[in-house]
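This report refers to the structure that appears directly beneath it.
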Amino acid sequence: MSIDKTSATPGAPEDHVVENPEAAKAAVTVVDPRLLVRERGLAGYVTEFKRKVKSGDLGSIPVVIGLVIIWAIFTSLNSNFLTAGNLSDMSVAMVGTGMIAVGIVFVLLLGEIDLSVGSVSGVAGASFAVLNVTNGMNEWLAFVLAILTGTVAGVLHGFFFAKIGVPAFAVTLAGLLFWNGFMLQILGDNGTINLDPDGVVAQLTSYYFSDVAAAYGLAAVVTAGYFLSSFLGNRRREAAGVPSRPLSETIVRTVLLAVLAFTVAIVFNQYKGLPLAVVIFIAVLLVTDFVLRRTSYGRKVFALGGSVEASRRAGINVELVRISVFAISGTFAAVGGLFIASKIAAANQGAGGGDLLMNAIAAAVIGGTSLFGGRGRTWNALLGVLVIVSIQYGLALEGIASPVQYMITGGVLLATVVIDAVTRRTQKTAGRA
Amino acid sequence: MVHVSATPVLALRGVSKRFGAVQALTDVELEVHAGEVVALVGDNGAGKSTLVKTIAGVHPIDEGVIEWDGRSVQINKPHDAQNLGIATVYQDLALCDNIDVVGNLYLGREIRKRGVLDEVEMERRSRELLDTLSIRIPSVRIPIASLSGGQRQTVAIARSMLGEPKLVILDEPTAALGVEQTAQVLDLVERLRERGHAVILISHNMADVKAVADKVAVLRLGRNNGVFEVKSTSQEEIISAITGATDNAVTRRAARTNGEGSK
């Protein structure tokens, strides 16, 4: 931030009711040590980073470190873990749970919970199968209708929560049971319906852009897009006279992103190419992140997570935002359900059950979304689901059965919430909670 | 610096308000001019909050007339009050802890450019606003949670200034603040007056009232119990008006001990 407008402590406020503000401004050159004055250039960036870490603002650091440790352990146990094939398979497998986790992030931002997402995802897969395979409906129409079943389910949950005032926990617990029964009902006696292996849903996880240019092109576009948007944003900020990031910082961030993006692209190209599922997932993350941080709708979601009363007084339609967030959660549950059905090219009675719900919620939380509302990003879903899928695949490579997987995933989740609680305490003492 | 115009910005004439069997306000009169700070004082249950809520449109009045710039107006909902140019800062702050200062200032009235939040413009205007009010906070981009109570109160008041209101109502703005922070808020109240806003200040603290108010309107049991010029009135006079001149704890005790003594 700029130094020129800062001044001494607010302890001597009378000094500032002056006839000549220009002279006063020039006279006050001492910088209040409490002001967060950021030095220019890279050094300033580093000190800012240190200050944030010290005050408990860890962001994604714990989960990234955790991910590195998990990968290191599994690589040392089995050299197949860090191969292009395994990593590529993992990235496709994570999309289903990841999509559901994106919806969960929205709900967690309100400080609420949605327990129905597993069942709703199962309903979406079953709806598509029944409409398309059993009744021969056009597959695109069936695809859209299947996603809309999730939206409708979410609106129903949101209605009972926002309008009637039933706790979200109870509403979505009822939803969990109801939608699971609904899925079993529409699947009927035969239980499993196989999908057309060349159909649109099956293609979701089986299609790869095999041309190497696709992955590199996407990496280049993402990197260039990031650089341009932050460069132009900073230029606008400078022109408006508000604090902006130094160019060096933008460059460092862009280079880091480029290294990451091209590494991933190289890995994909060593196997089957760029998976369609990953492209869709990244697009969803970019769009949802934009909606949450750059639109007034997103601002309303965060505001509700901070203080419902303040939001109401600011003229926000609390009920509408609540219903819409549950609708979003239901919609992403349905999208995730279609990706999961795509993975096995079938809709069966077990869909949406097992550890899916817990994994989706754990992914959002492990990624760094606060359980108490108002803090989080949809990118958290990506990091969290990477951790969970890494554990699943790593243990599967070792031939360790699912009971142990559950216990380890549970342990990781516990570690995450412990870190969350501890950093929250640090933040409180540092006055930033 | 006080320019008091002839026509009051807000005038209440014979306002009454009933809640079921309770007569909360009876024939209350109040005048506030531009560039004037009117303190509204009274004991608990005297009707201060009710009166403020009728002005803010939370509780419509039952009887009487509200005049705005000399015209009779109807204030039936909070929106009516806002449209007239009345901003209310309630005792419990209406701020979101997890959102930064800029976000809170513009909550519910974000500046948008092609549907997208215009953060740069909001930040620029926020800094401008905070500068003109001489409000100092560590950064406009830190969450409200990081600010002290006084800083939060100043942000809440600054927020009410965004709509360029003619009348600002402050409901016990210093109730939960320390000495230093109270000073910050009182400074801000003076700056509002200098900028020509009319201010209604509710307070229990006589020192605050004496420090910034031009006039003191006393309510007692839902009725006017005097309007005093602060400069020419002693604190004791105001307090006896609040408590009821001849009937307060001190006089009662005195009367009792006298009564016992004479036995």
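Keep in mind that glycine also has a Cβ here, set from the backbone N, Cα and C atoms.
No curator has checked TrEMBL annotations; they are predicted automatically.
Copied over from TrEMBL:
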TRANSMEM  A:58-78  transmembrane segment
TRANSMEM  A:90-110  transmembrane segment
TRANSMEM  A:117-134  transmembrane segment
TRANSMEM  A:140-161  transmembrane segment
TRANSMEM  A:168-187  transmembrane segment
TRANSMEM  A:207-229  transmembrane segment
TRANSMEM  A:250-268  transmembrane segment
TRANSMEM  A:274-292  transmembrane segment
TRANSMEM  A:320-344  transmembrane segment
TRANSMEM  A:356-374  transmembrane segment
TRANSMEM  A:381-400  transmembrane segment
TRANSMEM  A:406-423  transmembrane segment
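Taking Cβ pairs closer than 8 Å, the transmembrane segment (A:406-423) reaches residues 56-58, 62-63, 66, 355, 358-359, 362, 365-366, 368, 370-371, 387-388, 391-392, 395 in its own chain, all 6 or more past its ends. Tertiary proximity for the transmembrane segment (A:320-344) is limited to same-chain residues at least six positions away from its ends with a CB under 8 Å from its CB atoms, namely 92-93, 95-100, 102-104, 106-107, 109-110, 112, 114, 116-118, 120-125, 128-129, 143, 146-155, 157-159, 161-163, 168, 195, 201-206, 277, 284, 297, 300-301, 304, 311, 351-352, 356, 360. Among A:58-78, A:140-161, A:168-187, A:250-268, A:274-292, A:274-292 has the largest number of CB pairs under 8 A with the transmembrane segment (A:90-110). The stretches the transmembrane segment (A:168-187) and the transmembrane segment (A:274-292) do not meet in space: the count of Cβ pairs below 8 angstroms, excluding pairs fewer than 6 apart in sequence, stays at fewer than three. Residues 250, 253-254, 257-258, 261-262, 264-266, 268-269, 272-276, 279, 282 of the same chain sit 6 or more residues outside the transmembrane segment (A:207-229) yet have a Cβ under 8 Å from a Cβ within it.
Put simply, of A:58-78, A:117-134, A:356-374, A:381-400, the stretch with the most CB pairs closer than 8 A to the transmembrane segment (A:274-292) is A:381-400.
Outside the transmembrane segment (A:381-400) by six or more residues, the chain places 60, 63-64, 66-67, 70-71, 73-74, 77-78, 80-81, 86, 89-90, 93-94, 97-98, 101-102, 104-105, 281, 285, 359, 362-369, 408-409, 412 with a CB less than 8 A from a CB of the stretch.
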